[in-house]
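Only one structure is covered here, and it is reproduced in the block below.
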Amino acid sequence: SLHSVFTVLFIYFTSVSTAQTTDCLHLREQCINDANGCKSVWNVVEDVCNISVLGNRCKAEDAIGCNRIIHVLADEYPEFKNCVCTTDDLCSITTLLGKQCSLDKENISMETKLQWSLSALSKQAYTANRTCLDVNKECVEDEVCNKQLSLYLKVCSVNKKCNMGECQAAIRFFYQNMPFEVAQMMTFCDCIQPDESCHRARELLHGKPCAVTAVPPPSCLNIIHVCEENELCRKKYKTFRSKCWRHVTKKCYDDEACLETLIKGDMPCSANADCKAAYISNWGTMLRVECTCQNLLPTEQPLCKLFHHMLHSKSCFS
């Protein structure tokens, strides 16, 4: 009968959604036990979604932020892609975090208000000569920007023992959440020399020391090598190279003469919006970690200097 068909379908769909939740729970377990950096992103998910360790319950007060960080997780670790939905903010949270997550539906309706608030900051035309202190103050005075900033500072705080992986995941989330104009203001802000508070503001915005300072500093060759081994970093590096440094091809890496001409000549760099976006997207990856060319063999110097110039010279944007 028609009734029994519906019953069968209902049981089927219920079991599918239960199976999916179980799969997502299993993926969470794998992620938490993974040495590949997934746990770092998961810890940021726990922070944003307000998951308490006790009873593994979650009170996602900031449902929009919680939904976004889940999407960031799925972008970086595609095995989670069946645990996110494109429909609404509540769906991904329930699918990934299970039924134990209580959600404040009131907050969902605030989304438009919040986006408007951020856009107030991004409506200010981007000007290159903003000091980091100005940009920092404006972010703190903007309700949404401040909320994002305080989460990222909480994870990267110097007071607690710094976990570079977690801090990098938080800074990736922070910059991905900003409208392009705001991210640009923060990335390219600078200080007029002796201003101490401005330098502090710049360090805060740029993840220092936790996300970018390794002791001892690695060689720039090592940075590229480590980046190439990591899927997320490799993807970002490829985009960065193709958008900003089209003339620096893989072929050139092994060709001393080609390298020499690139380094001596004015390395052509396309400082367009795509290039800026690719540069901003490097935040929170190995590519932003400060590197050095000291203590390398003379034969390795040219390639190392090339990488240092590509990764850390702002000449492209000045």
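Using N, Cα and C of the backbone, Cβ positions are placed for all residues, glycine too.
Over in TrEMBL, the protein carries these features:
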type: SIGNAL; residues: 1-18; note: signal peptide
type: DOMAIN; residues: 24-101; note: domain 'GDNF/GAS1'
type: DOMAIN; residues: 132-210; note: domain 'GDNF/GAS1'
type: DOMAIN; residues: 220-316; note: domain 'GDNF/GAS1'
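Across the domain 'GDNF/GAS1' (220-316), DSSP classifies residues as 67 helix, 1 strand, 29 coil.
Across the domain 'GDNF/GAS1' (24-101), mean pLDDT in this model comes to 75.
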